[in-house]
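Quick look at what TrEMBL annotates:
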DOMAIN    8-97  domain 'Endoplasmic reticulum vesicle transporter N-terminal'
TRANSMEM  21-44  transmembrane segment
DOMAIN    149-366  domain 'Endoplasmic reticulum vesicle transporter C-terminal'
TRANSMEM  344-370  transmembrane segment
Amino acid sequence: MAGVMNRLKNLDAYPKINDDFYSRTLSGGLITLLSSILMLILFFSELRLYLHPVTESQLRVDTSRGEKLRINFDVTFPALACSIISLDSMDISGEQHLDVKHDISKRRLDSYGNVIETRQDRIGHTKIENPLQKHGGRLEHNETYCGSCYGAEASDDECCNSCEEVREAYRKKGWAMTDPEIIDQCKREGFVQRVKEEEGEGCNIFGFLEVNKVAGSFHFVPGKTFRQSGFHLQDLLVFQGDSYNISHKVNRLTFGDHFPGVGNPLDGVQWTQETLNGMYQYFIKVVPTEYTDVKGDVIQSNQFSVTEHFEKTEAGRTQSVPGVFFFYDLSPIKVIFTEQHVEFLHFLTNVCAIVGGVFTVSGIIDSFVYHGQRAIKKKMEIGKFG
């Protein structure tokens with residue numbers, strides 16, 4: 001048994017030195033104090049990394065198909081009234097949504113930016129009393145209302161019972177409704193009066209769009225969009241004048257849900273128009289993103305980058321209409337963020353490396369200082385007795 005114990009003693013990698021042979025120095029004490037402080041700083045830094053999750057990223061080809069893309073927006077136009085702003089969207093698959101009203105709200109703003117009224121755009125029309133019938137007479141008791149479309153009827157039995165339906169019929173025909181005052185529905189609903197009352201006001205429009213996950217665009221324009229000879233035109237109302245100020249501020253624009261660490265480069269961006277009519281264009285590159293937190297919950301969202309361009313519109317150009325346009329395209333590469341905790345063994349390994357590394361380096365420094373001091377002291381003694 002004693003032989004086994006002696007063999008184990010010979011394996012000791014940490015031979016002990018008698019206390020009588022220790023020599024403690026002031027420089028050694030300072031180095032020990034500084035190295036201890038450094039150890040504590042590095043230890044707490046490693047502990048913080050261990051307690052808080054870290055996010056790892058990787059890139060993959062996006063193989064998703066047939067999904068929808070949700071676009072959340074909040075845009076303020078300080079010089080365009082809510083009654084004349086319309087929202088359109090379209091994509092390369094050919095799907096178009098003109099004058100979108102679903103899930104859209106508008107706030108009327110005065111010249112100082114204060115909210116006058118908040119209303120939600122809706123499908124339908126205002127009920128009017130004693131309207132003009134399609135046959136030319138006024139609505140009589142127990143008679144079904146069928147208003148005229150003023151030549152824009154697609155069939156003989158089609159009715160336009162509101163100003164909005166007349167404008168829609170005109171849009172389908174590719175006509176511009178330039179004088180709403182001659183339309184009975186618009187006149188009785190007070191459409192013209194409402195537009196005139198809102199002249200000089202601003203508008204904050206916000207909501208979201210559900211679009212196909214393909215390249216496309218959406219835009220805010222004055223008037224209602226219609227097609228003519230393959231071009232998109234606007235029925236710019238004559239009583240609004242011939243110039244439109246499209247100065248705007250993008251309060252918020254996101255593609256998909258929020259996730260930790262996401263940055264939206266257009267949030268808070270403001271642009272002021274210095275010339276007359278023009279098209280302000282944003283070209284957006286959307287990058288599909290998947291975020292998985294430490295609980296395993298997955299958020300499917302997107303990031304994006306953007307470039308901007310202003311194009312001044314010229315009279316007579318059918319392809320150039322005033323408005324703010326957002327053109328987006330999707331990247332084929334998907335970014336995947338995974339949130340996870342550092343393993344305990346990895347944390348323990350790093351702590352040991354910190355303690356051992358600092359202790360070893362401080363020992364080397366202390367040895368250099370100690371032997372340097374001794375060498376200098378010997379030279380001084382030799383010079384003194386020499």
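Here the Cβ of each residue, glycine as well, is placed from N, Cα and C on the backbone.
Computed over the domain 'Endoplasmic reticulum vesicle transporter C-terminal' (149-366), the whole-number mean pLDDT of the model equals 81. Applying DSSP to the domain 'Endoplasmic reticulum vesicle transporter N-terminal' (8-97) sorts its residues as follows: 35 helix, 27 strand, 28 coil.
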